Amino acid sequence: MTYADTLFKENIENILTNGVFSEQARPKYKDGKTANSKYITGNFATYDLEKGQFPITSLRPIPIKSAIKELLWIYQDQTSSLKVLKEKYGVNYWDEWEVGTTGTIGQRYGATVKKYDIITKLLAGLEKNPWNRRNIINLWQYEDFEATKGLLPCAFQTMFEVRRGESGALYLDATLIQRSNDMLVAHHINAMQYVALQLMIAKHFSWQVGKFFYFINNLHIYDNQFEQAQELLHRTPSKKEPRLILNVPDGTNFFDIKAEDFELVDYEPVRPQLKFDLAI
Ligand SMILES: Nc1nc(=O)c2c([nH]1)NC[C@@H]1CN(c3ccc(C(=O)N[C@@H](CCC(=O)O)C(=O)O)cc3)CN21
Ligand SMILES: O=c1ccn([C@H]2C[C@H](O)[C@@H](COP(=O)(O)O)O2)c(=O)[nH]1
């Protein structure tokens, strides 16, 4: 069993056994009922990408291409327009979170990246001095929250660090900090998106990817997902060790990387796909 599958099964067991219930949850299901969840706090994992530990489960198919396209929408297109997400990338899983009839998810995510010109600043900082210890993307901006309505960012902060490995090559480590995670739906979507971002920045500078650190403050399973949770526990994972590869030459500019350049190899997820009635 891969490290990711071991952790996923452990987290499901842990939430079902030791988790506590939310009491005044914000989201609702489609039928209007409050979407409460069972949760644990302060979940942390380290994946050594260099050693082939990737944060993806084989217990159900993860929509990896959509996840990477959503990431490019945020950090390359730098917009929160649902039209761009749909027409350029064919991804519509954010539609339920449109703010009014604006055609956007509000002044959030990509719109925040653009407003503060975060990627330019991050890349310039790493270029000037890779050891600067200030490589932070922070989407938690109160000014933006006051500007429009909209879901507040869940995966809201990323940090990068550079270190020289034993081989003499430079490695880029990344830390993703997430305040809230719908584990069965989005845990591996979020983790793999940010591994993709780490790969993009590493390629831009001709570095290798090292470790991926993933911290989640509230890791939950919604109360309409317990059956799917049991199903996942009963499934036998694939023995393959999937890896995400970015097929571009070293030094390729961050903004020239495309979704098609990513390849997830040795991924043989268990089917059938599970259905979820999302908390909105
Ligand atoms: N309750 C909840 N969970 C989330 O994961 C979530 C939100 N809300 N709100 C905002 C975004 C939207 N995200 C989503 C929304 C839907 C899917 C989804 O339907 N995923 C399906 C297949 C999608 C596809 O193939 O394109 C899946 O099987 O994972 C995934 C992430 C992640 N976020
Ligand atoms: O990238 C994402 C975006 C959203 N989620 C989940 C986490 C929660 O279940 C909901 C957001 O609800 P809040 O009440 O704002 O916490 O969406 C995710 O896991 N990943």
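Residue numbers in this text run from 1 along the chain shown.
Using N, Cα and C of the backbone, Cβ positions are placed for all residues, glycine too.
Because TrEMBL annotations are produced automatically, they should be read as predictions rather than curated entries.
Here is what TrEMBL says about this protein:
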ACT_SITE  C154  active site
ACT_SITE  C154  active site, nucleophile
BINDING   R133, R134, R179, S180, N181, D182, N190, H220, I221, Y222  dUMP binding site
BINDING   D182, A279  (6R)-5,10-methylene-5,6,7,8-tetrahydrofolate binding site
DOMAIN    8-279  domain 'Thymidylate synthase/dCMP hydroxymethylase'
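Taking the features listed in TrEMBL, we show where each one sits on the structure.
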{"residue": "R133", "record": "dUMP binding site", "DSSP (3 states)": "coil"}
{"residue": "C154", "record": "active site", "DSSP (3 states)": "coil"}
{"residue": "R179", "record": "dUMP binding site", "DSSP (3 states)": "strand"}
{"residue": "N190", "record": "dUMP binding site", "DSSP (3 states)": "helix"}
{"residue": "I221", "record": "dUMP binding site", "DSSP (3 states)": "strand"}
{"residue": "A279", "record": "(6R)-5,10-methylene-5,6,7,8-tetrahydrofolate binding site", "DSSP (3 states)": "coil"}
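With a cut-off of 6 Å between Cβ and the nearest atom of ligand 1, the binding-site residues R133, R179, N190, A279 reduce to A279. Ligand 2 lies under 6 Å from the Cβ of none of the binding-site residues R133, R179, I221.
Of the recorded residues, N190 (dUMP binding site) and D182 ((6R)-5,10-methylene-5,6,7,8-tetrahydrofolate binding site) place their C-alpha atoms 10 Å from one another. Across the domain 'Thymidylate synthase/dCMP hydroxymethylase' (8-279), the model assigns an average pLDDT of 98. Pairwise Cα distances among R133, R134, R179, S180, N181, D182, N190, H220, I221, Y222, the recorded dUMP-binding residues, top out at 37 Å. Every protein chain considered, the tally of other Cβ atoms within 10 Å of the Cβ of A279 ((6R)-5,10-methylene-5,6,7,8-tetrahydrofolate binding site) stands at 23. Here the CA atom of R133 (dUMP binding site) lies 31 Å from the CA atom of D182 ((6R)-5,10-methylene-5,6,7,8-tetrahydrofolate binding site).
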